[in-house]
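K.L.:
Pasting a structure below so you can have a look.
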Amino acid sequence: MGNSSGWRGPAGQRRMLFLFLLSLLDQALSEPIRYAIPEELDRGSLVGNLAKDLGFGVGDLPTRNLRVIAEKKFFTVSPENGNLLVSDRIDREEICGKKSTCVLEFEMVAEKPLNFFHVTVLIQDINDNPPTFSQNITELEISELALTGATFALESAQDPDVGVNSLQQYYLSPDPHFSLIQKENLDGSRYPELVLKAPLDREEQPHHHLVLTAVDGGEPSRSCTTQIRVIVADANDNPPVFTQDMYRVNVAENLPAGSSVLKVMAIDMDEGINAEIIYAFINIGKEVRQLFKLDSKTGELTTIGELDFEERDSYTIGVEAKDGGHHTAYCKVQIDISDENDNAPEITLASESQHIQEDAELGTAVALIKTHDLDSGFNGEILCQLKGNFPFKIVQDTKNTYRLVTDGALDREQIPEYNVTITATDKGNPPLSSSKTITLHILDVNDNVPVFHQASYTVHVAENNPPGASIAHVRASDPDLGPNGLVSYYIVASDLEPRELSSYVSVSARSGVVFAQRAFDHEQLRAFELTLQARDQGSPTLSANVSLRVLVDDRNDNAPLVLYPALGPEGSALFDMVPRSAEPGYLVTKVVAVDADSGYNAWLSYHIVQASEPGLFSLGLRTGEVRTARTLGDREAARQRLLVTVRDGGQQPLSATVMLHLIFADSLQEIQPDLSDRPTPSDPQAELQFHLVVALALISVLFLLAVILAISLRLRCSSRPATEGYFQPGVCFKTVPGVLPTYSERTLPYSYNPCAASHSSNTEFKFLNIKAENAAPQDLLCDEASWFESNDNPEMPSNSGNLQKQAPPNTDWRFSQAQRPGTSGSQNGDDTGTWPNNQFDTEMLQAMILASASEAADGSSTLGGGAGTMGLSARYGPQFTLQHVPDYRQNVYIPGSNATLTNAAGKRDGKAPAGGNGNKKKSGKKEKK
């Protein structure tokens, strides 16, 4: 009930109307489109509007691409309006011969979607051919004894036209002895016969001349004539007679040449020459004469050519029997040709394009196939199929039309093309078949992502590389074709931020070669990572990423930098004091140097280049420790010089040199004559300052002697007070390394603020102020409260009475066992250090040096560090916590003393360590002074 009510409404009526129209359209498309035209139309003549008859609009023509599929194209389709036009000469007689109906059949193909349309064109005959006789003159011999009413066969005229345009009538010129009758063959063609109206008399008229005219039925009619010459022969009263008026025979089309078809026979009751019969063809065309032969004596009909059912299926032949007396008889021979399976099927591809995209859906039409077999019946029925295993199949549309469609997934990267063999087989016995191979090209689509040849890339680049040099080459492959497989390379990310990426590296979009845009510095940038992207040119674009890690390898491009000893202001030399009683192995001083490079390029060695007294001192190869090799002789000079070279371990080693000035003396007073040997111009102000400084120095020496005596009694070990400086113009005692708040271009820059005497013309002391930016670090030997300010400082009066007192040195400085230079604190002769195991340890060490130097610049580094810091203040560089590196942690010593440092609890503020009460009391007295 619900369904019937749904069809009754407006929607149901529209649905029924749509189904009705759809059925009509389907019926119309399934039936062939028929046209009728006369033959011999001019080229370009209109046959019909095919597009309109197919239901196509003018706008659909460019996309549907209508075209004719036929073995011989007599027609074409106009792409502008869809008209079916004549493209070649159409001669009905040449195409169809004597067939009553001449039809040209062909297929029309339309694309998008792909469809077949069957078209038939009926070719109408026009009267374009006149009747013709094979001979202009025909001789006919008739016995004078011929009876009235006797008939004589005449040559028929041939007219290729059919229907009303064919031969319709024969006319004979008027004659009292003869008349003309017309008869029809089984096929409807007419032939004339001459009838004797009156007896002939050879003696009265031996010859008769007649004119035979053949006229067709066209409008206007066409005609032709032939001359008939009748010869009156002598009497022969018995004509031959055939055993049959019509002979019929059926032969196979594959009958070989020379085979007998049949035998005709005529009987003549006469005797002698009048009974001798001669057989001959009569009223036949040229085609029959090329296929058959008649024996004139026996009447046997044989083949001389190959019969073909597909060209013609039957022949009607006239045979004449003539005796010696010129009597004749006539019969007809009907030869029917039976079909044999002698024609293999023919395959025609109706589609021009043989390309298909690899992402085509199942059932997509690839090619249109048309088959044809000239045989008939079962011999002409065709089965079409594929040969081989392919992702395609054949779908039949009509009797002889098929579609090749996809039946599986296509992948151009695996199989770029298919050679498909199509086989058509008929149903004859035995069956015949034919094959045709077509090549189907698979069109590429962008379905493959570029793939890098490596999962990740790591390259090493030596620093100081030339800008623009290639540092890496990444490669990616894309199996697609054309733009889909054309790969371009881009840098999409890096860890160089906030640095500008374009100023460091670039990549060639075509080749994937990565170029350095600048020279890299291992000391500033040791490694960075890039993310490169390979992108194809397809639509949509597909891409893949890969990481490229660039490791900047170190080169030996930084020479060692000597931290200690350093030159004073204006290049003045520094001196170290050595006790005259120093035993062999006594630690005199230590050369401290650093190298901004890494690895073996920063592995330093120390060498004595020149010595004022060779053999007096030894130098640790790796530690830089200067020790006495023997005791000082009595005649040897107290003032010694050593020229020390520091070399790194690079392939082409770099070096730095430093001059050490050493004085053998047991007290400060002993060195004063050496310091004042140089004559200087007299300056009253300088002399005053000199006396003040000397007085202060004497007081300090007395105080230090008292402190040293107390400590020696307590600790039962001898020690010598450290001297603060040498009082001589142009000479400075100890330099104070301090770390700048901001680093220079090198990795570990140091600034040294010496506590030195200025170069003046008088033998006086001027103590310079510490620079403001370097004031935060504290000196190991004297703090800021112990410095004497020069008269150049406006905040300090020039009188010597207001000079501040210097705090005594801390005599309880010793290295612990863990703090001693080298691998153990007790060794002296170890000139080789243990280098870090790998570059990472070295880089970690340098990072710690930088961090410690930064703390020193902030004033946070103190003298008494924990275990492993070696007791260094910020002025002597960063606090070292690694015990296995001999470069920096061993290069610390107490100038002028062989005592080792320990962690002091108190600062150098004039107070002794908490462990010694006597020292504390003496320090308090000095403060009161």
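These residue numbers are counts, starting from 1, taken along the chain as shown.
Using the three backbone atoms N, Cα and C, a Cβ is placed for every residue, glycine included.
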K.L.:
Write down the residue from Asn136, Asn898 that Swiss-Prot flags as N-linked glycosylation site.
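P.N.:
The candidate carrying the N-linked glycosylation site note in Swiss-Prot is Asn136.
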K.L.:
List every residue in the same chain as Asn136 (N-linked glycosylation site), at least 6 positions away in sequence, whose Cβ is under 8 Å from its Cβ.
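P.N.:
Same-chain residues close to Asn136 (N-linked glycosylation site) (Cβ under 8 Å, separated by 6 or more) are Thr226, Gln227.
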K.L.:
Between Asn545 (N-linked glycosylation site) and Asn419 (N-linked glycosylation site), what C-alpha distance do you get in Å?
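P.N.:
That comes out at 38 Å between the alpha carbons.
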K.L.:
If you count the C-beta atoms lying within 10 Å of each candidate's C-beta, which of the glycosylation sites Asn419, Asn545 ends up with the smallest number?
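P.N.:
Taking Asn419, Asn545 as the glycosylation sites, the minimal 10 Å Cβ count falls on Asn419.
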